[in-house]
Amino acid sequence: MANGGGGGGGGGGGSSLRMSSNIHANHLSLDASSSSSSSSSSSSSSSSVHEPKMDALIIPVTMEVPCDSRGQRMWWAFLASSMVTFFGGLFIILLWRTLKYLWTVCCHCGGKTKEAQKINNGSSQADGTLKPVDEKEETVAAEVGWMTSVKDWAGVMISAQTLTGRVLVVLVFALSIGALVIYFIDSSNPIESCQNFYKDFTLQIDMAFNVFFLLYFGLRFIAANDKLWFWLEVNSVVDFFTVPPVFVSVYLNRSWLGLRFLRALRLIQFSEILQFLNILKTSNSIKLVNLLSIFISTWLTAAGFIHLVENSGDPWENFQNNQALTYWECVYLLMVTMSTVGYGDVYAKTTLGRLFMVFFILGGLAMFASYVPEIIELIGNRKKYGGSYSAVSGRKHIVVCGHITLESVSNFLKDFLHKDRDDVNVEIVFLHNISPNLELEALFKRHFTQVEFYQGSVLNPHDLARVKIESADACLILANKYCADPDAEDASNIMRVISIKNYHPKIRIITQMLQYHNKAHLLNIPSWNWKEGDDAICLAELKLGFIAQSCLAQGLSTMLANLFSMRSFIKIEEDTWQKYYLEGVSNEMYTEYLSSAFVGLSFPTVCELCFVKLKLLMIAIEYKSANRESRILINPGNHLKIQEGTLGFFIASDAKEVKRAFFYCKACHDDITDPKRIKKCGCKRLEDEQPSTLSPKKKQRNGGMRNSPSSSPKLMRHDPLLIPGNDQIDNMDSNVKKYDSTGMFHWCAPKEIEKVILTRSEAAMTVLSGHVVVCIFGDVSSALIGLRNLVMPLRASNFHYHELKHIVFVGSIEYLKREWETLHNFPKVSILPGTPLSRADLRAVNINLCDMCVILSANQNNIDDTSLQDKECILASLNIKSMQFDDSIGVLQANSQGFTPPGMDRSSPDNSPVHGMLRQPSITTGVNIPIITELVNDTNVQFLDQDDDDDPDTELYLTQPFACGTAFAVSVLDSLMSATYFNDNILTLIRTLVTGGATPELEALIAEENALRGGYSTPQTLANRDRCRVAQLALLDGPFADLGDGGCYGDLFCKALKTYNMLCFGIYRLRDAHLSTPSQCTKRYVITNPPYEFELVPTDLIFCLMQFDHNAGQSRASLSHSSHSSQSSSKKSSSVHSIPSTANRQNRPKSRESRDKQKYVQEERL
């Protein structure tokens, strides 16, 4: 055996731990024939001369081990044990297969003869059955069954599908690594050395390991289906060359390092072991571990072979050409060889080593060139946004998922993290299955203190656990508003809700929905509970609701959109329309509990005090009934008295301003004129806040809104006319259904679509006026936009029947047939088949006499180029604006008599009617036609007005069409996600304002039947009509004309509130009203919540919340025309509102209801 440092017995270049002296001294001690000193010297001298030759034959020994005194090498015995075991077993398996094959061939012919004989014997039987098998066959069957049972048992023992199997597999792998570690320790010893089994601790451990390997090998052999292939497996070969040498080592009392390095091949199974332990779950991690384990095991195994041959030498050279290399030097040599660097400091000297290196370079280089780059790529591409969220103590977090893009995230963060929200202590965790691009990543980095991103899917419970969804304050799901298939997008978001609710049913979810009819599917989720904060923001419902309200009060869509969006105040010194518009844009909607100083006061009184004293505009309160169910009452009137713990809804520019309503104290603040000085005083009633009354916040979160304070406000109604009296009920025809079952909307029996279709000539003969024209682009394949959401607010029951504006749809009849199922229960709806681009169709519906023209498109999402998504709407808008008309409105107005409120004389300037929409004397050009156009792409707003100077990069809310209320984009609804999270009643308030009275109960009914159900007029349903509505108050004439010319807005606010219970909240002003020279421009813009001292002009229109008028049950307008006189009368009068006169309520004629019914019957056919 070659020793270290060039000797024959050393291994690894170091001296043996089991030698008492150096090899030369051991050789001298074994020479028993030399006893004299001279002979000893001669012998020593002789041995020194021949040391290189004799050293190769010497085996290092110790005095305690009775080893071969001649130093004979026994490596061949260890190798022979492995070879005999391998080839012997292989020979036995092949011999068994050969004998089995011959037996099968020999018995095949005999089997055919016996089978034919059995068939013949069986056919000769009378009953036709075969004879039973003989006893020998039964014995064979029993033996086969016993063998199969043993085989199945062995298979179960080693299968990873059972706990025992997994334990065995893991244990075998662990012991294999242990045996490899022992090899690493022994590699510092000589390749072959004498050892005593009873005194060598490492040999005993190695022996125990290999006994276990032998037992496991037996189990694998029994369980193997194909013994031959099992015998040739890598793991079997490893056992052949590592297990038998250990037993030989015990027998010979010597050790040979040999092929024990093959245990490194067990590392290939490392990924399987980690999968058994449920550590590796992703494909990338499994692939990475596979590549690493194959690379490392091949590397260590090859290093072990080089270590063996280089320290031993070539056999045909009598082991004289060996060199002392440690195992780790061989590992280094193999690495520089695989990488083709080859420094030359370490190299192979033996022929076997060099021959192995030749073949290893070919395979190793290929493996290095393919495996290493792939490993680096997998490590580099590991989920940068993996890991788990670590919750911060005392800080809430929300999870945002769904449609995560640069646009959606930037819009969300802009509103959620707005500086006006001074109480935001919420961390935002985004979860998406696609890693962010560079722009989105940069956005996250800019908000790194409050934003974190994790890559994953909410459909995966493991990812939900990573973001701590169970401890999250809420989960927000964003929708792709520009997707080609809205129903598919809604289905995806519904699945996300199902997955999240299945993981944690109590989590609060706020999701965006595109289609109104898909909201019904959310009600099927058992844990979905809107009372606990779950909300679905339907973009189609709100978008069309906003547009519908603009049909009643032009510009309202812009005002409402700005109210729930967080906008910073932009100060402009120049006296331009932008100055006043931006001052109103900075106002938002806030909530705050009212001070106890307001207890016992009526709503108008508190509203006036807040506006005059606190500089706050309160528009609604939260009312909780006796059964603790909350309702939001918008401008409820003077019959309601404020109680302790009432929650108010305010329009203000800052959250700090709203706190004045909570801090106000009559004793301390009554004489204060500067509202900024109203702060928390030292009164005991403010210091001793009730625990149930939540801390004042501008955006009260879930529990504060849904859970009632200590006491609830009670409705104290003193007006008997709020609910119809017995005389009214007697005059009602209980068999006529005029309203739906909830009493919130006007209703009629379902009509066939053919009955409402007008030809162009019929439409021209019907002199329509004061109506709403809806230009709709769509075809048979377009996605439905839900026109019901546009019609419902225009059919709210707080309008009298004669006040309803007739709705005329102009568009493809194929598309409208698909929408008609949801529209056939609404009265005063007509359809003109055609196209909005046809001027003939537009003239047929008298578009120049309409109160509003709405332009919608259902084909917006089928175009890849976003700039072309709005091409149809833009073309239609420009087409209408370029039309010219005759001065025909004067003829119509000469035959019409506007509606005069009871007790008012139209001839008196002070008693002029309050108009809903102020009409121009005549419309001769399409530019003056009121139009609202829906846009998908915000940047396309620049094409609507050719005379504006808006920059293409200007934000939508700063553009002139949006400020004037002539354009609306669904993107403005993104702010509702943040607003709803901070205050879930904000969404309820917005929906109450824009949908005309849609409630969760009504949604459940529509989900059940997909249509409104008619109901009889009962006191309960008629009471639902008593709710305020939005209108526009004209200052050109009427009871407020004196304030229109230079008066203060605050005086108008107080007068309207005291006299008519009307709540003013904005101005719709001509764009050039601030100019000293008259202008022909008829464009108007929105001013939200102007200050008290704001100066009015006569042409202003005032946005107001008007009370329901019980005295306006009959239309007094009549408009004669050729064939549809009653229909046209209703159209013209639909644009006229009245102020309720409390002095004349008691003098209402009892026959009013009967006249109402007659008129209803006349127009029912429409």
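Glycine too: its Cβ is placed from the backbone N, Cα and C atoms.
Marked as region 'Disordered' by Swiss-Prot: 1-20, 30-51, 689-717, 1116-1166. Residues annotated as region 'Segment S7' in Swiss-Prot: 544-564. Annotation comment: Swiss-Prot describes 601-621 as region 'Segment S8'. Annotation comment: Swiss-Prot describes 665-669 as region 'Heme-binding motif'. For 767-787, the entry in Swiss-Prot reads region 'Segment S9'. Marked as region 'Segment S10' by Swiss-Prot: 962-982. Annotated motif 'Selectivity for potassium' per Swiss-Prot: 340-343, in sequence order. Under the heading topological domain 'Cytoplasmic', Swiss-Prot lists 96-166, 224-227, 274-288, 377-1166, citing sequence analysis as support. Annotation source Swiss-Prot lists transmembrane segment at 75-95, 167-187, 203-223, 228-248, 253-273, 289-309, 356-376, citing sequence analysis.
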Counting Cβ pairs closer than 8 Å to the transmembrane segment (228-248), the top stretch among 75-95, 167-187, 289-309 is 75-95
Per DSSP, what is the residue tally for the motif 'Selectivity for potassium' (340-343) in helix, strand and coil?
0 helix, 0 strand, 4 coil
I'd like the per-state residue tally for the region 'Segment S7' (544-564) from DSSP, helix first, then strand, then coil.
17 helix, 0 strand, 4 coil
Model confidence over the topological domain 'Cytoplasmic' (224-227), as mean pLDDT, sits at 85
Among the recorded stretches 75-95, 253-273, 289-309, which has the greatest number of Cβ pairs closer than 8 Å to the transmembrane segment (167-187)?
253-273
At a C-beta cut-off of under 8 Å, are there same-chain residues at least 6 beyond the topological domain 'Cytoplasmic' (224-227) that contact it? List them, or none.
93
Mind tallying the region 'Heme-binding motif' (665-669) by DSSP state, helix then strand then coil?
4 helix, 0 strand, 1 coil
